[in-house]
Amino acid sequence: MLRRVMIKETWEVAKNVRAFRFDEKLDFIPGQFIMLWLPGINEKPFSLADKDLIVVKKVGPFTSKLFKLEEGDYVWIRGPYGNGFKSVEGKVALVAGGIGIPPIYALAKYGNLEEKVLIYGARSKEELATLDIENYVDEVVITTDDGSAGIKGFPTDVLARRKVEFSQVYACGPEVMLAKVLEIMNYERTQISAERYMKCGIGICGSCALGPYLVCRDGPVFTGEQLKGTEIGKFSRLPDGRIKSLR
């Protein structure tokens, strides 16, 4: 059901990235998402970073409008929706790229996990949106494309070197990164938060199809085994249904 919530707090997290805290706390499983509606603009899905928190990158008209809102302004939300991450025993890797950090942050904070290694990458130091995730993990490994922070390279470079350490790999980020994670792990011991263009968020419109699945209903979190043989990392679909190559 659509309901109005107030923006209780908002602040800059990184370059072109803002956090928005609402005046209502939601019961959710890390990996689930909400649909956020701006009247007269549109409605978009956002993964929850916390019970009352989303973290957003400015990428188009919708997010540009959202960035203009201030504390005390109102937005409309529904959800949470979808399937979230499932906790496993042992040492795990939390792999995030760019703005893929929100569901990974939620998992680090609320997941019933024994030992957590965060492997997080961005283009540059100014684009790292770590929040305070270091308080909820046992180890932090940072990578940047340009070497301005941490290791120069990509999160998947680190994962490839250390994959035998982990009983499970959780990942969210650009789809090409997710495809590489699946390749490195041979589609085993992985849970991936996938993204597709989404309209309804409740499994009716079919716009978020990924192989035989609907991301909003069957995901957004999938196991590697589920994604084997799908188009993950190869192509996605634009709002009008046309195919967009990811290679």
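Each residue, glycine too, has its Cβ placed from N, Cα and C.
In Swiss-Prot this protein carries:
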type	residues	note
BINDING	CYS200, CYS205, CYS208, CYS216	[2Fe-2S] cluster binding site
DOMAIN	1-87	domain 'FAD-binding FR-type'
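Of all Cβ atoms in the shown protein chains, 13 besides its own fall within 10 Å of the Cβ of CYS205 ([2Fe-2S] cluster binding site).
Regional average pLDDT for the domain 'FAD-binding FR-type' (1-87) in the model is 96.
Following the DSSP three-state reduction, the secondary structure of CYS208 ([2Fe-2S] cluster binding site) is coil. Under 8 Å, Cβ to Cβ, and six or more positions away along its own chain, CYS208 ([2Fe-2S] cluster binding site) finds ARG196, TYR197, MET198, LYS199, LEU214, VAL215, CYS216. Within 8 Å of the Cβ centroid of the [2Fe-2S] cluster site, not counting the listed residues CYS200, CYS205, CYS208, CYS216, the chain contributes MET198, LYS199, GLY201, ILE202, GLY203, ILE204, GLY206, SER207, LEU214, VAL215, ARG217.
Of all the binding-site residues listed here (CYS200, CYS216), it is CYS200 whose C-beta has the fewest other C-beta atoms within 10 angstroms.
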